[in-house]
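Colleague: Sequence annotations record features per position, and here TrEMBL assigns domain 'Cadherin' to 11-70, 71-179, 180-287, 302-398, 399-508, 514-607. The transmembrane segment annotation in TrEMBL covers 633-656. Summarising the annotation, TrEMBL assigns region 'Disordered' to 663-759, 785-822, 859-886. Per TrEMBL, compositional bias 'Basic and acidic residues' is recorded for 666-687. Per TrEMBL, the feature compositional bias 'Polar residues' maps to 863-873.
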Amino acid sequence: MMKQFNSSFIRLRESDGQLSIGERIDRERICKHILHCLIAFDVVSFAKEQFKLVHVEVEVKDINDNSPKFPRKESSLEISENTAVGTRIPLDFAVDEDVGSNYIQSYQISVNSHFSIDVLSRADGVKYAELVLMKELDRETQASYALELVAMDGGNPPRTGTTRINVKVKDYNDNSPVFDRASFSVDLTEDAPVGFLLLDLNAEDPDEGMNGEVVYGFGHQVPADIRQLFRVDRKTGRLTLESQIDFESKTTYEFDVQATDLGPNPSPAICKIVVQVQDVNDNAPEISITPMTSITAGIAYITETAARESFVALVSTSDRDSGANGQVHCTLYGHDHFRLQQAYEDSFMIVSTMPLDREKIPEYNLTVVAEDLGSPPFRTITQYTIRLTDENDNAPVFSKRVYEVSVVENNAPGAYITTVVARDMDMGSNGKVSYKLADTYFMGSPISTFVSLDPASGSLYALRSFNYEVVKQLELRVTASDGGSPPLTGSSNVYIRVVDQNDNAPVIIQPPLNNGSAEVLLPRDAPTGYVITRVDARDADEGVNAELSYGLATGEPSMFSVNKRTGEIYLNQVLSHDVDETLSVTVTVSDNGRPALTSTATLHFLIIAGSPPSDRTVYQAGSVDDVHAQWDLSVVIIVVLAGSCTLLLLAIILIATTCNRRKRDKSGDDSDSYGEKGTLERGRNHVADNPLLPLHAAGGEAGFEGHSYSSQPGGFTSAHPGGIDMCSASDDGSEVPCVYDSDTNSKPRRSKHEGYSTLPGYGNGKEVVRPITIWKGNSYTTISARDPAFSGKDSGKGDSDFNDSDSDVSGDTGLKKDGAVVPPMGGQNALWACTSECKVLGHSDRCWSPSAVRAHAAPSPAPTLSSFSSHPKTASLPRDPNRRDNFYPAQIPKTVGLQSVYEKVLHKEYDYVLVTPPVRVQEISDISDITIPVYTPTLTHCPIEEV
């Protein structure tokens with residue numbers, strides 16, 4: 001039974017479909033004032049997974065079990081004695097809860113001489129009685145009457161109800177009020193607001209004064225519920241709505257309004273009012289969902305194996321409105337696996353549209369929407385859940401179809417091997433997986449004697465210690481079963497590979513041993529390289545554990561040798577022993593396992609007379625295979641990794657050194673280790689102590705002596721082909737280049753060079769100008785105090801460039817052509833003075849060096865003294881503009897390297913190179929532009945041996 005409303009009245013026996021009464025049915029309680037009382041419900045019948053929905057309506061017939069009742073047991077009426085014959089006076093009407101023929105059918109009044117009753121019917125079919133005056137009254141004759149009114153229904157037997165009416169005769173008022181109409185019918189919508197005007201009643205009384213003043217009110221018989229809904233204004237007679245009405249509660253209201261004058265003994269006038277309530281769409285549809293199977297409220301359950309078009313739940317809708325406002329359209333949203341199928345009128349069935357699968361969608365959240373056809377329509381939305389119950393429709397599935405595992409031989413019994421895992425998508429007992437070994441045999445024994453399987457976790461354990469030499473691989477099959485009924489199973493193959501260990505020592509099988517030794521015959525005339533015998537061994541292990549190598553443990557290594565691979569033992573030299581003499585050696589056979597296992601055998605070589613057989617093998621020199629070193633693969637890998645790491649470390653050191661050197665080169669140009677004032681003072685007073693300014697040896701002069709350049713084209717020439725000879729001029733005995741005179745006898749010059757001037761304008765009778773030595777960067781620079789055009793200011797760019805104030809070659813100084821600088825001095829002879837610091841740090845502002853010209857540069861005319869004096873004091877060496885940063889060929893730490901350089905400089909280690917135009921000058925591409933003052937040093941001459 002798909003229960004809906006009044007579910008306890010009817011019972012259904014599910015075995016045969018018999019309907020019975022569940023409890024006493026009171027028709028008046030469930031169907032008040034309704035002619036046809038129905039109890040409706042639905043029954044679903046099943047047969048072989050097919051269902052049929054049956055709609056059942058049980059009509060409850062009325063019996064005459066209720067008597068008519070008057071609202072009052074006793075009532076009073078006042079009637080004027082001049083009331084006209086035929087006047088009708090409304091009486092209380094009786095109420096009977098029964099319907100149809102069992103309802104009130106007639107009224108009777110007790111026997112009297114003046115009054116009778118007339119039975120009438122209202123618009124809703126209710127019968128009522130009116131008291132009719134049949135004879136004129138005379139108050140003086142009889143002032144009151146006692147009447148009994150009886151209401152009788154049509155039952156069998158009939159039932160009655162009685163009320164007492166006391167009629168009091170009053171003195172009359174000649175005229176009574178008169179309404180315009182005796183009755184009115186009004187249509188009123190149920191959503192009319194409170195205070196709404198229904199009628200404006202009007203009654204007139206022709207009397208004057210108080211007898212003609214009319215007041216309005218409800219008749220005495222109007223019940224209290226109507227008085228609560230409607231209101232009559234006492235003075236104006238306006239009928240208005242007192243409270244909200246509801247069409248669904250009652251559709252028709254009928255009552256009397258009376259008009260009474262204020263005179264003595266008034267006779268009221270009666271006007272009948274009928275109010276018809278009009279329906280509006282003010283009620284939303286109601287939804288009731290009854291599931292086929294329900295465990296939790298609001299949730300329907302259906303098995304996931306349900307067939308297509310399976311019944312899930314019954315959806316019943318209702319709307320209290322009438323007409324189109326009460327017609328309901330129902331729609332299902334949420335998933336296309338379910339749809340609504342109309343059963344009858346306002347009932348629908350939720351059925352499945354396709355096969356279901358709980359493992360994919362375990363639960364459906366559906367939305368039922370009911371909408372009436374009113375304007376505007378009302379809509380009701382209800383959420384409903386359909387939950388699938390699990391069926392055992394999924395077998396366990398292993399994570400792998402084949403498991404391949406390894407176990408090392410000689411394992412301990414009970415050792416863990418692996419775990420197989422199977423998953424079942426079902427839930428509960430249907431998804432609980434248990435494992436079992438298939439009944440198979442291995443080597444004549446059940447597989448369960450080799451391994452054990454935990455039925456709950458699927459873990460495999462070894463029951464015995466495996467021996468690789470006996471069992472190399474174990475094959476077994478694992479079955480997984482779920483807890484369903486019937487259970488479903490899945491299987492997987494497990495291959496257990498036994499991993500070999502080095503547990504077998506080599507066994508020597510040739511030559512046959514007796515107590516670990518063997519005797520071998522050795523011909524005395526056997527030549528060198530003669531193979532005496534071959535030791536053959538076997539190892540039960542495999543792989544590297546079975547790779548054998550042979551060796552000699554004891555014996556004379558100069559006499560015998562053994563091939564490490566083949567085990568052949570041969571002579572290293574001709575025998576000198578006597579016949580029947582015995583020579584013994586101990587042979588070792590080792591495998592390549594870790595740790596290696598070794599077997600030994602003692603061979604006794606018995607020397608016999610005669611020559612060896614001709615078919616025996618004789619080793620030739622250089623053909624022995626074991627001469628070549630046998631490298632272990634692990635050693636090779638270690639060597640390769642070590643080499644790679646070493647190269648990587650060297651690359652890191654090289655990169656770090658290069659970056660540090662460049663950083664130091666950039667920061668070195670801005671460093672200033674001496675104050676300007678102290679430097680100038682030291683240059684002025686201690687020129688002799690300056691390691692970068694060599695002093696004149698002759699005369700002990702502290703200043704420079706100016707000389708003009710010689711005009712001879714030869715200038716300085718070297719008497720030696722190499723142009724340079726090495727002399728020991730430093731304190732530590734290191735060799736430095738010496739400068740020779742250009743005369744033919746090639747003797748060292750010991751006087752000052754004529755025609756070589758360090759500062760222009762210092763000689764030839766000109767005024768002596770005091771030279772000033774300043775510290776520029778990390779080197780000294782000598783300038784003229786009187787030369788206003790000479791500047792000792794650094795450009796601040798580090799190494800000197802062509803745009804520095806101290807390296808300007810513009811104007812008459814010279815021209816730059818194709819990267820080479822043509823010096824203004826004629827270019828025939830030039831002196832390149834290198835200090836040890838310059839050799840280490842490279843040529844820059846820190847070093848002192850005259851310019852050197854390229855070998856292919858065109859010579860210029862020899863300058864005069866005047867032209868020389870007008871030239872600036874500096875010149876530039878050619879430089880490579882693309883190698884701005886590569887100034888220094890070597891990098892040394894400041895704290896150590898530079899200190900040693902300065903120590904050598906303090907010991908006056910200078911190199912002077914005489915450069916002549918005929919000799920090809922090596923191009924210096926790595927030296928940047930430098931600026932130096934030209935000076936005349938006192939040269940240290942070295943004695944030259946005659947060649």
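Here the Cβ of each residue, glycine as well, is placed from N, Cα and C on the backbone.
It should be emphasised that the depicted structure is a prediction, and the values quoted were computed from it without experimental measurement.
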Colleague: Can you give the mean pLDDT for the domain 'Cadherin' (399-508), rounded to a whole number?
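Modeller: Averaged over the domain 'Cadherin' (399-508), per-residue pLDDT gives 92.
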Colleague: Top stretch among 180-287, 302-398, 399-508, 514-607 for CB pairs under 8 A with the domain 'Cadherin' (11-70)?
Modeller: 302-398
Colleague: What does DSSP give as the helix, strand and coil breakdown of the domain 'Cadherin' (514-607)?
Modeller: 4 helix, 50 strand, 40 coil
Colleague: Work out, from DSSP, the number of helix, strand and coil residues along the domain 'Cadherin' (302-398).
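Modeller: Within the domain 'Cadherin' (302-398) the tally stands at 4 helix, 52 strand, 41 coil.
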Colleague: When the domain 'Cadherin' (71-179) is classified with DSSP, how many of its residues are helical, how many are strand and how many are coil?
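Modeller: The domain 'Cadherin' (71-179) comes out at 3 helix, 54 strand, 52 coil.
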